[in-house]
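Pulled from Swiss-Prot, these are the features on record:
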type	residues	note
BINDING	ARG22, GLU83, ARG122, LYS448	(6S)-5-formyl-5,6,7,8-tetrahydrofolate binding site
DOMAIN	219-369	domain 'TrmE-type G'
BINDING	ASN229, SER248, ILE250, THR253	K(+) binding site
BINDING	SER233, THR254	Mg(2+) binding site
Amino acid sequence: MQFQTIAAIATPLGTAGISVIRVSGDEAISKVNQIFKGKNLNKVKSHTIHYGHILNEDGSILDEVMISVFIAPKSFTKEDVVEISTHGGILITQKVLERILETGIELAQPGEFSKRAFLNGRIDLVQAEAIMDIIHATNENAIKVANKALNKATSSMIDNLKSKVLTLIAQIEVNIDYPEYDDAIIMSKELIYPRVNDLLDEINDILTKSKRTQYIREGVKTVIVGRPNVGKSSLLNALLNEERAIVSDIAGTTRDTIDAFVNLDGVTLQLIDTAGIRDALDTIEKIGVDRSRKAIHEAELVLLVLDLSQKLTKEDEMLLTLTEHKNRIIIGNKKDLPSYLEIDTNVQISTLEKEGLSVLESEILKTLKLDNLVDKDFNYLSNVRHIQKLKEAKTSLESVINAIHHDMPVDIYAVDLTTAWNRLGEILGNHQYGDLLTELFSKFCLGK
């Protein structure tokens, strides 16, 4: 593909040792050479670095620089690329960029370098999204997941599914179009059914395991619930190790939901401390209680706090019922006091004495199936778009199974199989994708 040569600052603006300006395109080397005093860049080898100066229009020195040259196709974009390391001040970096643009080079749009890498075949769409995930990662495991995708572990998994679906389509099409072909396998429903079923089993396994990688990438919506004054806010503060929520002996002091984030052994929890659920005494508290119910409904993990020093109350029983079908950990707080609670808890802690918190953290990872992670656990899908497309492919394969059950013609199967194949291709970006690229790459920073 032929594109205009583009440039942008690739490092954050600010005072630093250096800033880097990236230039990519057919004229990258020749245009930069026009304003560079040093070696003739048109004659240097790829992957070399050169000292010199960027010159003003009148020939005076604008800045002392180091220039890295990457000749196509051995660059990130598969185009000629020049990276100019300038001094790291805001003004000087902007001035050097302006000087580059004066040569006729265009200012890059956000994400345009990564977009070119995709369009030129350097990376697929999954890898492009992985670059953004690395930039925005909030924990070490999220970086591991993104690096797996960047190194094609995810792409290979989807390619394998695509290949199996395509083989099935091809064999069915041969039966339809060339029934006289002696070597063609006769694709009866008895032969098609188990192969589609195997594909569905494989997809279901990927979706199940992808829930864990999605937790790692995006964090886990975790709601702390309990009746008033059982220690919810104290638990939040203990996990955060800071006074984030209001802690008081007065029932109902947390009148709204409070959000905070904590990194727990490579997994980010979005902690939501809710208002205690009871019969609210005023309008403001009622709003907080209503939001608590909504938070429970939307939560991926519920930390239900009970008071070990008191017997089970009506409010406790209501919360146990309200959360029984959720991913839930029942926590007994105030283990430093005599216990009167009649039911078993998963974990016993004392937020006052800071006891049992490490046990709780281990229980959280175990409940989310994020304990004892091994290298292959980071291979699965974590991106919402990928998971949605895989679910759509699954739906199409289920339509094939349904068509078989209703004894429909074999050519009907090919239609749904083709849809499944297209949905898998959309994950990688090698099928039709409309405005997806513009939307996706616009989320990148300029120098990417």
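Note: Cβ is positioned from N, Cα and C throughout, glycine not excepted.
Values in this document were obtained by computation on a predicted structure and should not be read as measured data.
Distribution of Swiss-Prot features across the structure.
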residue: ARG22; record: (6S)-5-formyl-5,6,7,8-tetrahydrofolate binding site; CB count, 10 Å: 23
residue: GLU83; record: (6S)-5-formyl-5,6,7,8-tetrahydrofolate binding site; CB count, 10 Å: 21
residue: ARG122; record: (6S)-5-formyl-5,6,7,8-tetrahydrofolate binding site; CB count, 10 Å: 17
residue: ASN229; record: K(+) binding site; CB count, 10 Å: 18
residue: SER233; record: Mg(2+) binding site; CB count, 10 Å: 25
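Looking at ARG122 ((6S)-5-formyl-5,6,7,8-tetrahydrofolate binding site) and ASN229 (K(+) binding site), their Cα atoms lie 57 Å from each other. In this structure the alpha carbons, written CA, of SER233 (Mg(2+) binding site) and ARG22 ((6S)-5-formyl-5,6,7,8-tetrahydrofolate binding site) are 48 Å apart. When averaged over the domain 'TrmE-type G' (219-369), pLDDT in the model lands at 81. When secondary structure is read from DSSP and collapsed to three states, SER233 (Mg(2+) binding site) falls in the helix class. Comparing ASN229 (K(+) binding site) with ARG22 ((6S)-5-formyl-5,6,7,8-tetrahydrofolate binding site), their Cα atoms are 56 Å apart once rounded.
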